[in-house]
């Protein structure tokens, strides 16, 4: 058997599927050489080991050549099997750092055999190294592999268009070299998986799911309406108009929500120069810019108010619409005097100046009777009092004086009663409340004999200091005078006894009603 010329640089492993010459008998070659050379069979087998062919399969041809004179390449070392891994070299370790790790057994075998990447010519496959060193972490062929569930892979349509249409995904498992349907006819061609010169990209880690998910995404995108798509893709807008007066009113009808040109349902700002015609502004939400225009002219307001004031019915309606605290007891009219704030909020107070003006006859045309009730004790009243005042310090005395024979107003004039004591703090206000209470009981609501009651603020002491000319005698005697201690004690006891008897009388009257 003659051996062909051996290459000077490296040895290679070929898988040739073309018709091969008939193999010579192995036994003849071994023993024939022994007879010729005079060597034993074991020695002859050792010498002629590299001259054997057809050992094991008809489609295999192994050529072993020695190239000790040249430096061996990184992928030149191989085992006799042909399907094992190469020994690691300096070039292989450098290439393994540059190429990304890929998954093993990610596609079915039939699809891998039919892939156009496996149908390259023999000349192209010789330009690239086939086998590489696989680390212990990469050697996962014998382990159970489970795909990770893709969350949402990015679509590959963008970068696939820029690639060569004949470029396909790399497959890094050398054990996947399987024949296609052409292997059944007997015409075999060398199958090698070349290394792509292009560096690893995102597609190297593709497991085949991206193509299926891309199709589903395209289908879902076609079914999604444009309005919904605009909600996902439109940017978030957050604006506030500089002028709040330009914003539309609360009850203005919004624009149709079906408009695809507007991402946010908002009415466009109006210009103040050209207001739109045919629009009607709600009166409940006036614009602050045109607030002055909506207010009627002052000349137009009295026309309606005067018509109401001209009739008694209109006057009563206007009075009833006002605050009840500003009306007298029967709600027929307002108070005649200007009142001031005092200790008791439920009572109306007048100042000493108003009292002096009444005494001077300033309101004589409006007042029929002006009654002043001095609620101090008799020794205080004798020491100095207001001209025309009546001293009534007992409640029963006030009731007999005012309610037994009530004063009836005539000609539309008023009957006014003013109460006071030394400071108008306790005795005067208490007497005023008592008269109003008894007057309510004796009349049908809201009618009253004395609807207009007042309390002099500051009492006699303040009035004496400001209006001494209206005091008679022009002097002031306090309640706690040292010369009238016994009188003070006597009147207090009498007032308390009467107050106790009053409470008993009220209790008896309630029991009778039961």
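Any Cβ shown, glycine's included, is placed from N, Cα and C.
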Motif 'Phosphodegron' range according to Swiss-Prot, out of 73-83, 84-94, 95-105: 73-83
Of the residue ranges 203-255, 256-308, 309-361, the one that Swiss-Prot records as region 'Disordered': 256-308
Local Cβ density at residue 421 (active site) - other Cβ atoms counted within 10 Å: 25
